[in-house]
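Trainee: Quick paste from TrEMBL:
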- 34-292: domain 'G-protein coupled receptors family 1 profile' (DOMAIN)
- 22-42: transmembrane segment (TRANSMEM)
- 54-77: transmembrane segment (TRANSMEM)
- 97-116: transmembrane segment (TRANSMEM)
- 137-161: transmembrane segment (TRANSMEM)
- 181-202: transmembrane segment (TRANSMEM)
- 240-265: transmembrane segment (TRANSMEM)
- 277-293: transmembrane segment (TRANSMEM)
Amino acid sequence: MAAILCENCSGQYYSARVHQPLEISCMLLLIMLGKVFLNFFMLKVKQNDVKVSFMGYFCVSLALLDFTLLLTVSFIFYFEDSALWGVRFTKYHTCLFTQIISLTYSIMHYPVYLVAGLDYYMSIAQTSQFPKRGHRIVYVLLVVVIWIAGFFWILEVPAVYEELEIQNRFSPYQCPLYASLQSYSVSCAVVLLLGTALLACWKEVLSMLLSVRVISFSSQPVLMFSYVANNSGAGFKRQLLTRLLVCFLGTWAPFVLLQVIILFLNAQIPAYMEMNVPWLYFINSFLIAVAYWCRCQDVELTEEMWSTDPFVSWKFCFMPFNNENAEPADKLGTVIV
């Protein structure tokens with residue numbers, strides 16, 4: 001079987017190779033089946049009444065592409081060692097197709113997160129009434145362009161074809177699947193920034209957690225955090241950072257812990273597994289929190305502005321919780337998660 005090596009490629013895009021034996025088809029099918037199920041499960045359980053965003057459309061496109069990969073690998077596996085339409089399908093095709101997808105996924109992190117971050121930074125305080133249909137068209141075009149550019153970039157790398165021939169001749173029983181250096185660096189940056197933020201305001205976070213109470217709101221139990229309102233400059237930004245951290249970790253703490261374990265063990269995860277919908281929504285919430293903190297003075301206090309994240313509610317990071325049906329707070333305001 002041939003395999004793609006990229007020793008001459010830039011380390012910015014390719015990381016360590018994880019060699020797999022030829023009997024990869026069954027394991028690959030099981031992994032892709034689990035990933036596709038997880039992708040569509042996350043798309044199903046997310047809140048539907050959220051603003052359209054670039055990341056939302058990209059998550060849908062990734063779920064559809066993974067489903068296409070699963071169907072393609074299943075097709076090749078079913079007709080393996082059989083001739084169809086003049087083409088004999090072998091394990092080589094399974095490995096080659098998976099490698100192309102992995103290499104493409106490995107270079108998508110930076111451009112996707114950059115576009116999503118700019119989208120939130122500009123739209124969080126947007127006052128113009130640009131039509132929603134216009135937003136959708138722009139987001140769909142951006143998603144299509146990024147995917148096409150990624151595939152063309154991988155397929156146009158000359159070293160891929162050269163190393164493909166070499167591997168086909170001298171190492172026909174291995175199928176290296178690549179891990180993404182971009183994903184690794186983003187994971188390191190997120191964990192480092194979260195750790196720095198926690199160290200900077202650990203006293204405020206601890207005080208807020210000690211003040212937590214469980215109340216009933218809209219027939220559902222919610223966590224209520226008391227705080228004293230402070231709208232002055234640096235003090236407001238520090239208090240806002242504390243609330244953003246509590247809201248973010250209240251939803252994604254298990255995922256943060258998983259990232260720490262992966263980084264500590266230096267686990268090499270193939271790129272076709274690293275890029276998944278849960279991971280994208282995790283980064284999505286992180287980017288929204290960063291955008292809120294950077295543009296806290298420009299945030300429009302409207303209901304539409306709070307419906308940006310399908311998994312985390314950021315509204316009460318900016319507004320005191322005030323509800324007649326709930327138990328009154330001890331102090332001037334409260335935050336709920």
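Placement of Cβ uses the backbone N, Cα and C atoms for every residue, glycine included.
Situate these features within the shown structure.
Mentor: Counting same-chain residues at least six beyond the ends of the transmembrane segment (22-42), those with a Cβ under 8 angstroms from any Cβ of the stretch are 1, 59, 62-63, 66-67, 69-70, 73-74, 76-77, 80, 91, 94-95, 98, 173, 175, 272-273, 276-278, 281.
For the transmembrane segment (54-77), same-chain residues at least 6 beyond its ends with a Cβ under 8 Å from one of its own Cβ atoms are 25-26, 28-29, 32-33, 35-36, 39-40, 42-43, 89, 93-94, 97-98, 101, 112, 115-116, 119, 136, 139-140, 142-143, 146-147, 272, 275-277, 280-281, 283-284, 287, 310.
For the transmembrane segment (97-116), the residues of the chain that approach it from at least six positions outside its boundaries are 3-4, 6, 13-15, 24, 28, 53-55, 58, 65, 69, 72-73, 76, 142, 146-147, 149-151, 153-155, 160, 175-183, 186, 270-272, 274-275, 280, 283-284, 287, judged by C-beta separation under 8 angstroms.
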